[in-house]
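Copied over from TrEMBL:
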- 28-54: region 'Disordered' (REGION)
- 34-54: compositional bias 'Low complexity' (COMPBIAS)
- 58-135: domain 'SBP-type' (DOMAIN)
- 125-161: region 'Disordered' (REGION)
- 125-135: compositional bias 'Basic residues' (COMPBIAS)
Amino acid sequence: METANNQLKSTEKNDELLVISTSENAKKKIITTNNNNNKKLSSSSNSSSSSSSSSSLIRSCQAEKCNVDLSDAKQYHKRHKVCEYHAKAQVVVVAGLRQRFCQQCSRFHELTEFDESKRSCRRRLAGHNERRRKSTSSSDQSHRIHISIQENSTHKNFHLR
């Protein structure tokens with residue numbers, strides 16, 4: 001292995017220049033045309049996030065001391081790296097902190113960010129409740145009958161809208 005991982009290796013072959021970055025595990029291929037002034041850059045990634053190599057990774061829950069294999073879990077649990085049990089648990093130790101999984105954010109937060117036994121953090125619940133209030137108040141207005149009374153010297157008229 002080279003002494004400096006951040007160095008770049010390059011090789012030239014038939015109007016191609018292959019650049020391999022050893023620090024990022026990414027290959028970049030620079031294709032030169034016959035005229036050396038015009039260069040085209042195409043890159044391909046060899047990182048572990050690609051779909052072909054991610055299937056070989058060990059997928060487990062973020063909770064400490066949880067060794068549940070998420071390879072057969074639902075897509076939601078795989079995406080957020082949390083097993084079904086810890087997604088619903090009231091207290092989970094993650095990174096040495098007592099936390100809870102937020103259903104709205106799909107992330108772990110410290111317990112102080114939740115009200116009582118709720119599974120959504122206060123910040124997201126506030127936004128959710130605000131949206132609910134807006135839609136409820138606008139729908140209430142549309143279902144109400146508006147009555148206006150016009151007084152005349154001889155009659156009282158009721159107008160329904």
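Each Cβ is built from the backbone N, Cα and C atoms, and glycine gets one as well.
Across the domain 'SBP-type' (58-135), DSSP assigns 31 helix, 17 strand, 30 coil. For the domain 'SBP-type' (58-135), the model's pLDDT averages out at 93.
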